[in-house]
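According to TrEMBL, the features are:
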type	residues	note
BINDING	764, 767, 818, 823	Zn(2+) binding site
DOMAIN	205-384	domain 'Helicase ATP-binding'
DOMAIN	564-730	domain 'Helicase C-terminal'
DOMAIN	746-879	domain 'RLR CTR'
């Protein structure tokens, strides 16, 4: 249908409605309906529009989020994932608009199509697509209020994860050093030959080969992975006939896990040992118990073992004879490494008769925490040793010269640069931002001051955080007048989206060229014009365009050149003059800055010979598109092999476990971390005579980096002190720390409350319909909860699960929902457990009501709900097992 035909149909629609009897044509339209509008077809056939009506709350949310959606989402990226919720003509139209009018217009068309979609699963399908693309918009698209909680034990999760969100520093995989000793990559796998160890590697391995629990602390790039191979091989071969060793190697990050699994497989399978790996991505498709039982070496992400120890799949650490912790400096607080060692230490200190495995830790830096002097640093390192039950720290001492031939420590230089003395560009953009804040403030006042403009730190991360906070609050804001609510929230999102873009531009302006910041803004407003361009956007665009001529003039004025770029250019010219074969890695804070500096180098006649390439992370934010894993690998391969590609511009992704070729110049452009991060980042400069520059306008950053260097010296001094201690003294010190920490740990643990044996009701959280009594709830494998009795089955309906999976004894088959047609709240899943079919319910889906008092409470997790938890007994259901299965499957829609 053409646009003109649509207009005419809208204009003369009343005549059609008055004349046409739909019952006469419905049968002719049915095949076409089923093909394109199956939800509407189903509703018309049964004259039940409740499913379509329930989509209205999501349509309302999408309408208010539309300004952020079109400025954040690349529709081409998520279209393949949500195509099933649209008709084919709509998909083609979205792609056509993306090509002809731009991505914003395409995103706006996608919103229009989703608002019309009659597929009841489109809100969740959109959520999954956003999460897959790691889009920040997914934080605002709240399909289920409880969906953001990470549950370690819930089978609804695709992976088993820790509940606490933490940041851990990672060390680079070291296959580069393995390949130096082994055959070239061009050789066929069957030609793999044994690796020849260097003397310093044998020195590092020796204490562990003598059976001692050891932390191996050695520089990035020296081949600690190869040292772990030596230790493993010695360990497995020492067992007499009839006994076997079993090794577990822990890797925190998935790329490191994949690499180590490959390295261990190549090395040990030729020797007749069996090697297998399990990560969060594969754990629900394999039986962990069998993998551990049937293999000699198991590569794991640590949370897998935490889960298995918790649910009893692996009863004890005594099944292993050797545990190796990669990046062991993370063994602190509630990190999975520490949780595993809590289990180990509880058995050791509790006098368990079970044998415990040998423990090895690998790290480039043990760190010193907040230590201010060598004594405090020594205490910090002792605490790490106590956590890992190690009394030996192995470093290279006898073969330092050989180590220095392999790993070169770069010289460190600090360059304090000046900011622009005047910045007219920043003044103009700040004025525009204040005008938008005033517009937003008028809405805030209309809402009774619900949202407050808390700061005006334009061009900072703090300001970005405030924008995100307002957007999240706006997404769940409600008013009695829904039309007014939609209008206000949509306006707020438009204002916040423009403030975010201006904030990004100020950051680019501070660290790169004004021209790059202005181009960033012009691209944004060009896309805005090509999309819906409502009244608010027209007003905000007009305000920008009124200043555009002045901004253009300022950006091309040579006197406004960024002094930081002058210094960066000087360093690069000087280093390439001294050594034309120099290879550089340039670290920056944001992706937008990566793009801006690449553009500056390519357009600078003094530097264009560098032929820059870029490397960024996989996530996506705003207008910046993340890199896929294959794209990252392609960039790194090119940087290794193409000698014309002399500089790699990257974010922090390059110091987080990615193997990078040798380079002799590292530049930290306003980029500083802690002492562990510093040692790892500096470790990228491996070539002889390498240098590391910190370039910053912030004197505090230089002070922080100097403090990191001081802490590194303090750490090395503390390690030397500990290495002079008598081993018995060291062991006693470690033992006393372990006892003290266990007492603290035990006292911090909340006393087990006496279970409340009073029967309570569970009500649907959404509609308050009665679901079951607590007396009917049973616990399965210590972490899942089912309801016995046929009565409960009348209170839910089931639908086949979109992602049926098996995990151990459990096969996930369906989703269960409240049976009330006007509710359909998600209650959990329907599974096959051994010979039985049963529901597993989620406590967060219910309200708990005290029968005696009528008081109602909600709980996020089962562990927070104190009631008498009775274990599942097959005997309770044995008599009706067959009927149970038939009835359950009969409920599936």
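Start at 1 and count along the chain as shown; that gives each residue its number.
Placed from the backbone N, Cα and C atoms, the Cβ positions cover glycine too.
TrEMBL labels come from automatic prediction, so no person has curated them.
Its Cβ placed at the centre, residue 764 (Zn(2+) binding site) has 22 other Cβ atoms within 10 Å.
On the 0 to 100 pLDDT scale, the domain 'Helicase ATP-binding' (205-384) averages 91 in the predicted structure. Every protein chain considered, the tally of other Cβ atoms within 10 Å of the Cβ of residue 818 (Zn(2+) binding site) stands at 22. Residue counts of the domain 'RLR CTR' (746-879) by helix, strand and coil are 23 helix, 61 strand, 50 coil (DSSP-based).
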